[in-house]
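*Asks:* Annotations per TrEMBL:
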type	residues	note
DOMAIN	1-330	domain 'Acyltransferase 3'
DOMAIN	453-663	domain 'SGNH'
TRANSMEM	20-41	transmembrane segment
TRANSMEM	62-82	transmembrane segment
TRANSMEM	135-153	transmembrane segment
TRANSMEM	160-180	transmembrane segment
TRANSMEM	200-219	transmembrane segment
TRANSMEM	226-246	transmembrane segment
TRANSMEM	252-270	transmembrane segment
TRANSMEM	291-308	transmembrane segment
TRANSMEM	314-333	transmembrane segment
TRANSMEM	354-381	transmembrane segment
Amino acid sequence: MRAIAVLTVFANHLFDWPSGGFIGVDVFFVLSGFFITGILVKERTKRRKLSFKNFYIRRVKRILPSALLVLVATVVGAHYLFPAARAKETLLDALYAAIFGANIRFEAVGTDYFQENMPPSPLQHYWSLSIEEQFYFVWPALLVVIFGLTRGFRRTGKGWARHLALFTAMAGIVATSFVWAMHLSASDPNQAYFSTFTRVWELGVGALLAIAGAWLVRIPAAVRPVLAYLGLAGVAASLFVIDPTVQFPAPWAALPVLSTALVVASFHGVEVRRMPLLTNRVARYFGDTSYTLYLWHWPVIILLVSVLPRGPLYIGAAIAISLGLTALTYRFYEDPIRKSDWLLDKADESRRNVFLTWGRPVWTTIGAFAAAVIVLSILGIQHADKNSVVQNELTGAQEESQLAFASPHDEKVNPCFGAPAMLNPNCKLRNPDVALLPSVDNFAKDEPRELDRCFTPKAAKLRTCSFGYDGADAKRIALVGDSKGIFLLPALQKVLHSNKWNLTTYLGKACALMIPAKDECQESMGEAEKQLLAHPYDLVIFANISYGVEQQALRHQKAMEPLVRAGSRLAVVADNAVSSEEAIACLTRVTIGGDRTGECATPRSEAFPKPDTLVAAAQIVPGTTVIDLTPYYCNADRCPAVIGDVIVHYDATHISATYSRTLWQPIEEGVLRALGTPVNAPR
């Protein structure tokens, strides 16, 4: 089963197939809960005591050596292959993973709205290992407490009652965790996926099987193969009926979890026979090396993208390197350590040697852990120095770029810098002799300065900001929408004073002015609607992500029509092209061995994955102007990642602040059209 689990995870990560391959982790959870709890219960029953020292020594020898090796190797690889900012993030991920807090780290990072769809961390898979170790930090102690409270049952010959009490306690934990997982999977899927509390029930199902071992051995021999094949069929079905769109981990993880439980129960206490899928030599090998392969495969897949474009060569290299590292690590490192007497103290267990018995393993463990942390910290200092240098370079480059187009009507404006290069046949999209702005190291930080001050978080009170000309004769303009609006600010700010425009923003996280508004946007967008109607603007500009749902266009329409009746003109900015993960990875890859960033691009067919609901609404509401900037993002078949020596995207869905500033001219022309002002009229 471990072989099936790790190979399906590997296939899902490498091929995006099968769609539910990630359920291999849930299979692991059940198996882990079963084996570890079985060891604990057996030791407690046989010896009438449970040695926490021995238990955690076994965990340290099994988990830490390979885990720390992969952490250090991945951080080193990221140092040489990733931009400084991403390498620094990888180091932070490693530090969290080293203390088994990776799931907490990725739960927090996953809520970063402005880095959505960016390439994942090469250490993201450590979240599951962290959950397991957090569980095993608590479960052994809880088991001892339960056995202690039921001590009287053993003296009265009712040992079975102790197991029943333990089973009941774990069943309660499983039920509570599952109910919480149901709630959180519906309300906050990202938190639910990484949370320990929403995953405990999966480990708990395995624990229940171990506790019920005395009852499972009574399953009739004729029934066992039926249960096994039903379980395997359930796991197989999970691979294809589950995909990233379903509510997970509850209730959908119940299918692979309960299916795995059937397989485990069917063979508990007996030799596995007539199951070649589980007992052949290949399955046994991958079962033995499953932990090592799980650790290596994901960093290899992610780091290799920085060296090779996705394709047959990349896939072949990823498989070969992952399997090669797994074989070498398991044969010459992990297995010898696990079988060695490392951390095992042979000193006399007398009271006189208590310090030796505890001291040596503890200090050896601390020493090994400290060594890994020191290595990671040294790498961190190097990253900090590297990042500081890059940041200083970026500051100087930004000053040069500001001078290059300090005034939009300056005749000295570089006609090939940024967006204008897309439509100018005399311009190159990428000149290798010119520095990229923002740099490859810093494009993921190139955000508008007003982001924190002018952007309303979810379910928060509306934040507004005003910019530009404040004379009595100013044209009043409102910018309404979500994060797409905040990234248009750099372009708009460049043309406000020269046109005597005053701009006020009404922008919210994942919010749009719609009727009805989303629940978390009711307060902020409701207040925005009141202000827009109470003091009508000359022009209201809408900017939102493409939702791709027809009903959303109708909801936009319901919000737009009252503004028109109040006397405001309306404009919508068509959503920008998105960037593929491959295009973002390409920016990093091509810096190795020469600058070929001009080759990085997203196919136009992938750049607009959903119909633009704002544009659809504009076609319904008469007089609404559509400002379509698509020609500045894409040509007929591709959307370059670099245009006019400027990196276009800040993340997969938002444009960089630098590229936004270069869009001032088409933005200005679009606003003038929306206001009914001739584009070439004196201003």
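Every residue, even glycine, has its Cβ placed from backbone N, Cα and C.
TrEMBL annotations: computationally assigned, not manually curated.
From a predicted model like this one, the values you see are computed outputs, not experimental measurements.
Show me how these features fit into the shown structure, please.
*Replies:* Beyond the ends of the transmembrane segment (160-180), by six or more residues, the same chain brings 41, 142-143, 146-147, 149-150, 153-154, 197-201, 204-205, 207-208, 211-212, 214, 250, 254 to within a C-beta distance below 8 angstroms of the stretch.
Distant neighbours of the transmembrane segment (252-270): 1, 20, 23, 26-27, 29-31, 34, 178, 181, 201-202, 205-206, 209, 213, 216-217, 219, 221, 223-228, 230-235, 237-238, 241-242, 246; these residues of the same chain sit at least 6 beyond its ends, with a Cβ under 8 Å from one of its Cβ atoms.
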*Asks:* Might you confirm whether the transmembrane segment (314-333) is in contact with the transmembrane segment (291-308), defined here as three or more C-beta pairs under 8 A between residues 6 or more apart in sequence?
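*Replies:* Yes, the transmembrane segment (291-308) contacts the transmembrane segment (314-333).
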*Asks:* May I ask you to check whether the transmembrane segment (314-333) and the transmembrane segment (62-82) make contact, with contact taken as at least three Cβ pairs under 8 Å and only pairs 6 or more apart in sequence counted?
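*Replies:* Result for the transmembrane segment (314-333) with the transmembrane segment (62-82) is yes.
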*Asks:* State the non-local partners of the transmembrane segment (135-153) in its own chain: residues 6+ outside its ends, Cβ under 8 Å from one of its Cβ atoms.
*Replies:* 33, 36-37, 40-41, 44, 50, 52, 55, 59, 159, 161-162, 165-166, 169, 196, 200, 203, 207
*Asks:* Please identify the stretch among 62-82, 200-219, 226-246 with the greatest number of Cβ pairs below 8 Å relative to the transmembrane segment (20-41).
*Replies:* 200-219
*Asks:* Please give the sequence-distant neighbours of the transmembrane segment (226-246): residues at least 6 beyond its ends with Cβ less than 8 Å from one of its Cβ atoms.
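*Replies:* For the transmembrane segment (226-246), the list is 4, 8, 18-23, 27, 219, 252, 255-256, 258-267, 275, 277.
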